[in-house]
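Worksheet: one structure, shown below.
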Amino acid sequence: MQVVIVPTPAEVGRLAAAKIGHLVRGRPDTVLGLATGSSPLAIYAELARQVAEEGLDCSQVRAFALDEYVGLPPEHPESYRSVLMRDVVEPLGMDPSNVHVPDGSAADVAAACEAYEAQIAETGPVALQILGIGANGHIGFNEPTSSFASRTRIKTLAPQTRADNARFFDSPEQVPTHCLTQGLGTILDATTLVLVAQGETKADAVAKMVEGPVSSMCPGSALQLHRDANVIVDEAAASRLTLADYYRYTFANRPAWQRFETPRG
Ligand code: GLP
């Protein structure tokens with residue numbers, strides 16, 4: 001796992017976006033895994049700047065969302081389809097028909113999950129998966145005790161996750177109780193993982209993910225099993241890492257061939 005500690009939340013976004021921009025320039029129809037939530041917003045803002053000011057072309061990029069609420073119509077402003085269209089697809093000039101989101105309003109949920117996995121398998125592998133982490137260690141919507149072998153499926157949202165996401169809705173009761181999410185096994189199939197976290201509220205989850213045991217109680221710890229997992233955090237989110245100085249030293253002294261912007265593998 002490569003852990004990179006940077007001073008500010010904006011710098012987290014800049015560094016992750018540098019890696020993604022490099023990938024898209026090298027392969028314009030690359031397959032990205034998109035995450036929602038507040039954490040990746042700085043990445044999308046920086047990529048939008050590269051599109052506007054540096055000629056980055058995302059029009060051929062293909063993308064798969066990590067997850068979607070169950071029970072919200074796709075046109076609901078807080079469905080992850082709507083959020084991704086608003087925050088990512090439009091500002092980056094992506095083609096909406098290249099962007100896939102699990103169908104949270106499907107009558108046959110199991111079939112919708114299977115179809116999503118089949119679509120990823122046909123188009124993929126996902127070259128780079130963007131991730132955030134929940135305060136309880138979830139990635140995507142893989143709540144604690146999720147199997148490391150799991151694939152796209154329906155999950156019940158943890159009470160803490162519903163409370164955390166209530167800020168996007170008019171009242172806490174409006175937060176859906178269920179979601180469809182790529183499984184941990186699906187996420188681990190991506191060639192490169194880039195997880196970003198900012199702020200003190202994520203410090204515990206980050207420490208457990210990076211330095212704790214590999215455990216389904218902290219789904220983010222699955223990243224320890226991946227050969228190209230990159231964790232980019234600001235100082236506040238890094239504040240409970242016991243080996244923070246070692247990560248800083250490692251990054252400062254990385255060999256030229258391991259420059260962060262250059263995707264490995
Ligand atoms: C959300 C999403 C995750 C996200 C996490 C943290 O509910 N399903 O993909 O990484 O919870 O969210 P935030 O970045 O807003 O803290």
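Using the three backbone atoms N, Cα and C, a Cβ is placed for every residue, glycine included.
A simple way to gauge crowding: the CB of D67 (active site, proton acceptor) has 24 other CB atoms within 10 angstroms, across all the protein chains here. Secondary structure at D67 (active site, proton acceptor), taken from DSSP and collapsed to helix, strand or coil, is strand. The active site, proton acceptor annotation in TrEMBL covers D67 (among others).
Remark: N136 (active site, for ring-opening step) has E143, P144, A158, Q160, T161, A205 as non-local neighbours, by Cβ distance under 8 Å and separation of at least 6 in sequence. TrEMBL lists N136 (among others) with the feature active site, for ring-opening step.
The active site, proton acceptor annotation in TrEMBL covers H138 (among others). Around H138 (active site, proton acceptor), taking its Cβ as the centre, 25 other Cβ atoms fall within 10 Å, counting all chains. DSSP assigns H138 (active site, proton acceptor) to coil in the three-state reduction, outside any helix or strand.
Annotation source TrEMBL lists active site, for ring-opening step at E143 (among others). When other Cβ atoms within 10 Å of the Cβ of E143 (active site, for ring-opening step) are tallied across all protein chains shown, the result is 21.
As annotated by TrEMBL, domain 'Glucosamine/galactosamine-6-phosphate isomerase' applies to 12-225.
Taken from TrEMBL, the feature site 'Part of the allosteric site' applies to S146 (among others). Reduced to three states, the DSSP call for S146 (site 'Part of the allosteric site') is coil.
Sequence annotations record features per position, and here TrEMBL assigns site 'Part of the allosteric site' to R153 (among others). Listed in sequence order, C113, L180, T181, G183 are the same-chain residues at least 6 apart in sequence whose CB falls under 8 Å from the CB of R153 (site 'Part of the allosteric site'). For the recorded site, R153 (site 'Part of the allosteric site'), the DSSP three-state label reads strand.
When Cβ atoms from all protein chains are considered, those within 10 Å of K155 (site 'Part of the allosteric site') total 21, not counting its own. Summarising the annotation, TrEMBL assigns site 'Part of the allosteric site' to K155 (among others).
The site 'Part of the allosteric site' annotation in TrEMBL covers T156 (among others).
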Check: For the recorded sites listed here, S146, T156, which shows the highest count of neighbouring CB atoms within 10 A?
Finding: S146
Check: Taking each of D67, H138, K155, T156 in turn, which of these recorded positions have a Cα lying within 10 angstroms of the Cα of S146 (site 'Part of the allosteric site')?
Finding: H138, K155
Next item on the list: Determine, to the nearest whole angstrom, how far the Cα atom of D67 (active site, proton acceptor) is from the Cα atom of H138 (active site, proton acceptor).
Entry: 12
